[in-house]
Amino acid sequence: MTEIKAVKRLGQHFLRDEGIITQLLAAIDPKPQQKILEIGPGLGALTLPVLERCHELYAVELDHRVLQPLSEKAAAVGILHLIERDILNIHFAEVAPAPIRIIGNLPYNLSSPILFHCVAQRSDIVDMHFMLQKEVVDRITAPVDTPAYGRLSVMIQLYCQVEALFDVPPEAFAPPPKVNSAVVRLIPQTQLTWNIESIAHFECVVRSAFSQRRKMLRKSLAAYFEPKELMALDVDPTARAETIDGASFARLANALYLKEKNL
């Protein structure tokens, strides 16, 4: 394949370490007949070995430069459906038959928007395996009352079972990023982790609490609750967001929903 240099504005870091590719392939464990969609195949380091095992693969790529070389390389391996579009503008069911598995070495500058785009379509998804900045994987998988725990932890864990699989050093990529990477597995759940009346109210409470994470809840949630209301919901008004688990956020969100509904 003709040498193609990574484009910084696209957040490209091409995977090149064969050992890491083998580990990632083992984690994904692609099988024939499975419908798999890859986000950002790039130069095909993961694309081609996955295609070799599942025989047919869907891949969404925004970088026009890689399409023809990748298509030519894949022709001898299996059927590769290349879609030249922005992943954030795609409804997965439009380009690949559901249920689908999603894989990808995600651009670090777009990882959170892509994650939320995926969980919004979770009913069509079997599982997801993503290479991300290690800090993001730590945040996704963080338990309550740990430094990495935050809005991303709560929101992704609401929708998915999460598991950090292994770390990836910078030298596994070309060019090497300035940070460590990691691979995470996300499995959408058929039911939400916590009982929630309104996703919008849950998102609102979680966002407000973590937007001022060093403030006590009586301050960060003052627009919605009096301290006595927090105590009635078994939430300490002097606590900070990082010490509040998902179930407690669900209670707060449900109370806010009922409060506004009865106005």
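Numbers here mean position along the shown chain, with the first residue as 1.
Placement of Cβ uses the backbone N, Cα and C atoms for every residue, glycine included.
What Swiss-Prot records for this protein:
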{"type": "BINDING", "residues": "His13, Leu15, Gly40, Glu61, Asp86, Asn105", "note": "S-adenosyl-L-methionine binding site"}
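Sequence features, as recorded in Swiss-Prot, placed on the structure.
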{"residue": "Leu15", "record": "S-adenosyl-L-methionine binding site", "DSSP class": "strand"}
{"residue": "Gly40", "record": "S-adenosyl-L-methionine binding site", "DSSP class": "coil"}
{"residue": "Glu61", "record": "S-adenosyl-L-methionine binding site", "DSSP class": "coil"}
{"residue": "Asp86", "record": "S-adenosyl-L-methionine binding site", "DSSP class": "coil"}
{"residue": "Asn105", "record": "S-adenosyl-L-methionine binding site", "DSSP class": "strand"}
Neighbour-count leader, CB within 10 A, binding-site residues: Leu15, Glu61, Asn105: Asn105
Sparsest-packed of the listed binding-site residues (Gly40, Asp86) - C-beta count within 10 angstroms: Asp86
